[in-house]
Amino acid sequence: MGLIFAKLWSLFCNQEHKVIIVGLDNAGKTTILYQFLMNEVVHTSPTIGSNVEEIVVKNTHFLMWDIGGQESLRSSWNTYYSNTEFIILVVDSIDRERLAITKEELYRMLAHEDLRKAAVLIFANKQDMKGCMTAAEISKYLTLSSIKDHPWHIQSCCALTGEGLCQGLEWMTSRIGVR
């Protein structure tokens, strides 16, 4: 009996949780993915298609899909939505001109049937840059308070230093099993 329980427990504990990392090009998605994985900055080039890595946090396994954010690739984001539990939206906090596009993409995703149960973590990236928008400013502009059907959290961060990233992952792990 104990062996059966142990096997079931190990299956439950090692369950992978699918995460998509999205955002406009040059927001810092790939840098964040590899900060999660290696805790260091790696040289990146624009992602064509996707990168996928498994990240383990406190025995919780996340399968993270970093999806290219160029305009020509955004129409294919929906091919990654199936079975997604978490959306990480990376926002470039200094790119005020394209925040309206980010907002459009966010609400397009939230309306998609395959993401109806997904929780949303918004990383307000590049907080180390002079003149950046605060997480509160981004939250207000994206009207995050109007999102009622999805749990969400906004977190200030700096992908280059890793500041704020652990807090975002902790929020995600706290959401496991909460629906």
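Placement of Cβ uses the backbone N, Cα and C atoms for every residue, glycine included.
Bear in mind that the values here come from a model prediction, so they are computed numbers and not experimental data.
Taken from Swiss-Prot, the feature N-myristoyl glycine covers Gly2. Here Swiss-Prot flags 23-31, 66-70, 125-128, Ala159 as GTP binding site.
Counted within 10 Å of its Cβ, the other Cβ atoms near Asp66 (GTP binding site) come to 26, all protein chains included. On its own chain, Ala159 (GTP binding site) has Gly28, Thr31, Ile32, Gln35, Val41, Val90, Phe123, Asn125, Lys126, Leu165 as residues at least 6 apart in sequence with a Cβ closer than 8 Å to its own Cβ. Annotation for Gly69 (GTP binding site): spatial neighbours Val22, Gly23, Leu24, Asp25, Asn26, Ala27, Lys29, Thr47, criterion Cβ-Cβ under 8 Å with sequence separation of six or more. Most other Cβ atoms within 10 A: among the binding-site residues Asn26, Lys29, Lys126, that distinction falls to Lys29. Taking the Cβ of Gly23 (GTP binding site) as centre and 10 Å as the limit, one finds 25 other Cβ atoms among all the protein chains shown. Gly69 (GTP binding site) falls outside any helix or strand according to DSSP and counts as coil. Classification of Lys29 (GTP binding site) by DSSP places it within a helix.
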